[in-house]
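Asker: Pasting a structure below so you can have a look.
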Amino acid sequence: MKSYLSLIPISAKIRKRQNRMTMLCIIISVLLVTIIFSMADMAIRMEKTRVIEEHGNWHIMLKEPSEQQTEQIAQRTNVMAFSRYDGLNFNLSKDYTIKGKSCVIAGGDRAILTEIYDNLTEGHYPSNEDEILLSNRAKGLLSLKIGDAITVHTPAGDFDYTISGFGGDVTITTDADIVGAFLNWDSFQSLAKAEGSKLAPVCFVRFDENINIRKVIAELRQTYGFTDETLSENTALLGLTGFSSDSYIMGMYLVAAILFVLVLAAGVFMIAGSLNSRTAERTQFFGMLRCVGASRAQIMHIVRLEALYWCKTAVPIGVIVGIAGTWMLCALLRFGAGAEFVQIPLFGISSVGIISGIVVGVLTVLLSSISPARRAAGVSPVAAVTGNLSEKGNVSRPIRRSFLKIETALGIHHAVSSPQNLLLMTGSFALSIIMILSFSVLIQWVNMALNPLKPWAPDVFYSSPDNLCEIEKSFAKEVESRPYVKRVFGRMYQSLPAEYEGKLGQIDLISYESQQFQWAAEDLIAGDISAVSEGNGVLTVFDKSNSLKVGDTIRLEQTELTVTGVLKDSPFDTSDQPTVICSEKMFEEITGKDAYAVLDVQMSKEATAQNVNELYALADEHYRFYDRLAQNKDTQNTYYMFCLFVYGFLAVITLITMIHTVNSISMSVSARIKQYGAMRAVGMDSLQIKKMIVMEAATYTTLGLLAGCGLGLPLHHFLYSQMITNYWGTAWQIPFTSIGGILVLLVFISLLAPFAPAKRICNMPITATINEL
């Protein structure tokens, strides 16, 4: 043996069984970090692909820039793609048609189809003045092919073009039965000039992602005087690349950082507790090394290098299992969650996840070994004889019984006698509780974020072409008569001028019937809903741009409305105008209209695609028809998958807490085995031994519960405010359900943890426990 460090592999081989739990703690820590970072990397790759497909690969959009600004920005070296864009007949209010179908005409540069959007699926960009590109939907709808001649009918006359290709629709939603057409920028300007239409072009800009995009945007604002009204950001894409200025996105970054720190801290406490208990168990070993000449520094090196020696095996195992776990989770999302996750990489290797797992694993072990190394270095040769590291010095007086029985007092004393061990044990419990409370917020966030899970989510719906109240109630009854239709409910809508909060503006007045009021009651965050359903008062929907509250008055031309309730959510898209909800009776009295603008239809579970086609046929081109059935099923699957992940992660945290607690109590008992032997020798029976160990575990869990709830509830409130309250307005409430579940878990652990060590001591002969090394 050349040095004391040569004892490390020998000790690891001899104490292989005892070291299993420490190895398991390191593997779990590396595994969790690898999976978390790998899944985050895969999610970012998937989301970036999805965002680019749906919203375009651009970072900023400039509204009506001057020609000089356009030329100068396009020539910047950090601009990778640039395109102008505008459209005619976006609101379908004018008579633009192709073969009898209403159409929207857009114009732009080549980059809009090939670099900003990947929309050129067949043919080529319409570079000539007489060429036109049509949407893929138009190809099937009008039975057209490349090279065909078509005529575009406009209010100013007819224009003849040759089809140059087909592409994705960059003009309107594919839900509508509308044809999309695209011209090059010069041809589009000529058409607009012939129409006498005033253009309001926008310019899409994509920067080099290897630069500080946030700094470049700030520079453009300062140089050209762009404001929030004239410069819009692609928040989703910027957020995925870390350059978003959106307060909600920045808040989510902070949430992710906090959750990561919690996972790292849990790993440190878990491994440190295991090492600390293992050090206490080997008091005599370190004392004997001091007896044969080992210095304090050498003892510290032994403990630290022994911890790193375990990393040699545990870290690769954790990384490999983490990669396999990432693949399994990606497969579950891709094949089990629906269309939202079809872009997620199936067998992707994340260098970020692997490096993070290795670095965090080694760093966690090094941090965890600091306290045990100092503790081991403090062992004196005398400790080699006593075998007790947890007590410093001699006990000057016996423990007072007071009103407690001796086994109860001793159990509490064993828990609190070593401040370091008490901190590690209660800290591990507290962190587990904090993590459970923190990650439980994700479940509530998923419930709020996935709208189709709401009870009012329609499977299909009809809308009037101009958002007017034109869908007769007789049509609603006809739809409801179908056997595969579960429920039909409609809403009237009208935008009205109003005065509220001392200013003039517009409100969106919407009607509810009885069933919708029942659903709305679940989303009520202030006020009373009963008066509204009876025709007295109105509801409003919380939004950052809507500051109406209970008691406010809204003045219309002929009447006044009083806000009697505020909702946290609704089926409507948010706008700059306050959403005001009233009964159908009140809506008819105010507007004189009794037909619906939107008719929602919920179908039975047995509904098929053929049934959806039948409902589509009922529209008969009088109403627009939208199919959400498949999308709802995909979103439902996504919800269940997210719940599986979050609850699965909470289950892993719970399992780690249980394993760590059982292991720590077992090693704590092993470290005091001579004391227990002496107690049995002077007459303490098996039941008292068990009660003493139970009280030690109960002390850890009680203090951990108090510390965990004391720190976890404020953090739960902060995360809830960042993720939910700031976006949906839902007020935070004390999570009594989560706290109750935690309490049950801790009681179970307190009873389970002492079982194995108490049984082992009671089954050993007294002489064996006294002589146990």
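The backbone N, Cα and C atoms fix where each Cβ goes, and this holds for glycine too.
Sharing the features that TrEMBL gives for it:
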type: DOMAIN; residues: 21-222; note: domain 'MacB-like periplasmic core'
type: DOMAIN; residues: 258-381; note: domain 'ABC3 transporter permease C-terminal'
type: DOMAIN; residues: 649-766; note: domain 'ABC3 transporter permease C-terminal'
type: TRANSMEM; residues: 21-40; note: transmembrane segment
type: TRANSMEM; residues: 248-272; note: transmembrane segment
type: TRANSMEM; residues: 314-335; note: transmembrane segment
type: TRANSMEM; residues: 341-367; note: transmembrane segment
type: TRANSMEM; residues: 422-446; note: transmembrane segment
type: TRANSMEM; residues: 639-662; note: transmembrane segment
type: TRANSMEM; residues: 697-720; note: transmembrane segment
type: TRANSMEM; residues: 732-756; note: transmembrane segment
Asker: The transmembrane segment (341-367) and the transmembrane segment (21-40): do they have three or more Cβ pairs under 8 Å, with pairs 6 or more apart in sequence?
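Answerer: These two stretches do touch.
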Asker: Helix, strand, coil: count each for the residues of the domain 'ABC3 transporter permease C-terminal' (258-381), based on DSSP.
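Answerer: Each residue of the domain 'ABC3 transporter permease C-terminal' (258-381) counted once, the result is 105 helix, 0 strand, 19 coil.
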Asker: Over the domain 'ABC3 transporter permease C-terminal' (258-381), what does the predicted model average in pLDDT?
Answerer: 78
